[in-house]
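Peer 1: This is the structure, below, for whatever I ask next.
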Amino acid sequence: MLRQWSVESGQASREPEAGVEELWEQEMARLQSSQALVRELPYAMVDKRCIRQLREPEGAKTSCWQRWQRRRRAVGRRLGEAARRLAQGFGLWDGALYEIGGLFGTGIQSYFTFLRFLLLLNLLTLLLTASFVLLPLVWLRPRDPGPALNFTLQCSDGLQSQTGVPRFHNQLWNVLTGRAFNNTYLFYGAYRAGPESGSAYSIRLAYLLSPLACLLLCFCGTLRRMVKGLPQRLFLGQDYRSPVSVKVFSSWDFCIRGQEAATIKKHEISNEFKVELEEGRRFLQVRQQTRTQRICHLLTYLRVNVLIGLLVVGAISVIFWATKYSQDNKEDSLFVLLQYLPPGVIALVNFLGPLLFVFLIQLENYPPNTEINLALLWCVVLKLASLGIFSFSLGQTVLCIGRNKTSCAAYGYNACDYECWENAVGEELYKLSIFNFLLTVAFAFCVSLPRRLLVERFTGSFWTWLDREEFLVPKNVLDIVAGQTVTWMGLFYCPLLPLLNSIFIFLTFYIKKYTLMRNSKASPRRFRASSSTFFFQLVLILGLLLAVMPLGYVVSSIHSSWDCGLFSNYSAPWQVVPELVALRLPPSGQRILHYIGSHAFSFPLLVLLSLVLTICISQSQANARAIRGLRKQLVWQVQEKWHLVEDLSRLLPEGPGVPVGPESPHSRASRPRSFCPGFPCPGSPGPRAPRPGPCLEDSVSRFRFSSGAEL
């Protein structure tokens, strides 16, 4: 009997081994005949080498072509990884960004990522300008453009030299105002070229199209980043919430070994939960508002916005008159002190404006979320409006927009006060960029640092109330966007301004990181990275559009300076394009370009764009309907599982004496059953309490957890 049992047990133990071997052989045969790439298979490197050897015929060697193809794929993969790394800035600041994201959340991390993105945009702009303008200008060494046009300015008073400044400070002051670089390639006036017919490469066309190409590339990159960073709630609705259970059980990275990395990961998970809970609380507050509360809120909202709008109008009026006064009093002995009057007034307005906005909003007892959003909206309006009115005031003073002056009527610009008006505008934008950076440095080391030292040194109610400065992401974003907008506005007048702005952004990253780590505390309001990124790119696109409008007007309609720059002999810079078309293109190409610029081409193009836009909108609406249907289907599936649990609890036998073995047909027929699978039928008895037992309790609890995770 024992021997028979041992024989049977040996046969039973050999049967699983034979089954495993058979399965292994089937898997090897499948992998050998499969056409899937080896690198995509979920196996270790040793197994992948074995699979690659199995796919080769016996006794055959890999051909040179196959080895070359394999190397080409490997090199292409490495080049793709290098290109992605290049697109991310050579991994610049990866460690710092990881540390900031873990300690302070992805919202603050997105600000520093935004700084890196702006640095890449400026370097790309500088690369295009250097490749198509500076290098050809140095390499070709164009001939001298010849003597300037002989004309006499009819001005009442001659230009007076700058006085009232000690000689010791002249060099430093000239560097700060840009006068030291007037004869360098930093400004428009130093660029010269001969006639277009004497060179195969047109420096003028390259100088004209380089800023436009840079702005177009910046717009495409910013738009792509904005669409990529759209919040999920714009697609899935405000009531979409990712399951919290997923974050609870799958957030930890089990590959972490170091104590510092573990601490950063703990802070990161904590910040994610804070963002999730805060968004849920705000959403619940909005849903609990009654109709009367919404109407009162709307009326109060309108009253506050009218008051803030009046403040914004007054602020931009102050900027307009300050710029006009500084330009109209160039002959004054105090002109040196007035050089930085417009940047100083702009900085003062943008500092006091948000404080007044917040004070007016707090008087109405708004919720914190609404208060911050409303103040942020008006801060964006004030920041961009101040730059817009600054450029308009410069245009009115330099180009006599809306003014009647003898020199403007004769020469197209204020030739009596500005011999090279492009350099004058470039100097103003240069000073504004320098002043913004100096203000950032001064605020970090002369305000935030002493405030932190005083708070740590002294104790008391006042110092507790003062506390450290809050690191406000929207304020810092508006400051950096204002600097980038100034850079875009100066691409035509100051082509190397992106180089200067790149240096400023690089230094700003470390200054802001030091301020965040040492002198500041994180804001109590948490931002999700997708929402922050979308807001950053939206404000950046508004700044780009603000820079494009005056630049397009100047290029197409304003007369260039008579005695400086590349376009001194043209009525407008854009006039070089039709001249080159007539010189370089054959008649057929000219006819094609004239047709593209005519109304006969514009109307069909407009109709085609309308059709494409209609198709895109229809597709997005169809996708939204499909998403809503899938969400309803998910809810129905979870409800069906709950009904199945209720049916199971109702059909289970009750009482300790019920047999557990096979049932008789009579007992099965006498038991109440549901003829509606997954749903209770009308008139059926309600669910009864299930028989207590560990198996049933464990299965029901596991099912409830899985259903909650799906919801």
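One is the number of the first residue shown, and numbering goes on along the chain from there.
Note: Cβ is positioned from N, Cα and C throughout, glycine not excepted.
Automated prediction, rather than curation, is the source of TrEMBL annotations.
Just so it is clear, the model here is predicted, and its values are computed rather than measured.
From TrEMBL, for reference:
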| type | residues | note |
| --- | --- | --- |
| TRANSMEM | 117-139 | transmembrane segment |
| TRANSMEM | 205-223 | transmembrane segment |
| TRANSMEM | 301-323 | transmembrane segment |
| TRANSMEM | 343-363 | transmembrane segment |
| TRANSMEM | 375-394 | transmembrane segment |
| DOMAIN | 420-530 | domain 'TMC' |
| TRANSMEM | 490-511 | transmembrane segment |
| TRANSMEM | 532-553 | transmembrane segment |
| TRANSMEM | 592-618 | transmembrane segment |
Peer 1: Helix, strand, coil residue numbers for the domain 'TMC' (420-530) per DSSP?
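Peer 2: Going through the domain 'TMC' (420-530) residue by residue, I get 85 helix, 6 strand, 20 coil.
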Peer 1: What residues elsewhere in the chain lie close to the transmembrane segment (205-223), defined as a C-beta under 8 angstroms and at least 6 residues from its ends?
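Peer 2: For the transmembrane segment (205-223), the sequence-distant neighbours (Cβ-Cβ under 8 Å, at least 6 residues beyond its ends) are 121, 124-125, 128-129, 132-133, 136, 191, 488, 491-492, 495, 498, 537, 540-541, 544, 547-548, 551, 555, 566, 573-574, 576-577, 580.
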Peer 1: Under a Cβ pair cut-off of under 8 Å, which of the recorded stretches 301-323, 375-394, 490-511, 532-553 contacts the transmembrane segment (117-139) most often?
Peer 2: 490-511
Peer 1: Relative to the transmembrane segment (490-511), which of 301-323, 375-394, 532-553 accounts for the most Cβ pairs at distances under 8 Å?
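Peer 2: Between the candidates 301-323, 375-394, 532-553, the best contact partner of the transmembrane segment (490-511) is 532-553.
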Peer 1: Please report, as numbers and ranges, the same-chain residues at least 6 past the borders of the transmembrane segment (532-553) whose CB is under 8 Å from any CB of it.
Peer 2: 106-107, 110-111, 113-114, 118, 211, 215, 218-219, 222-223, 225-226, 229-231, 380, 384, 387-388, 391-392, 395, 473-474, 477-478, 481-482, 484-485, 488-489, 491-492
Peer 1: Within the domain 'TMC' (420-530), what mean pLDDT does the predicted structure show?
Peer 2: 88
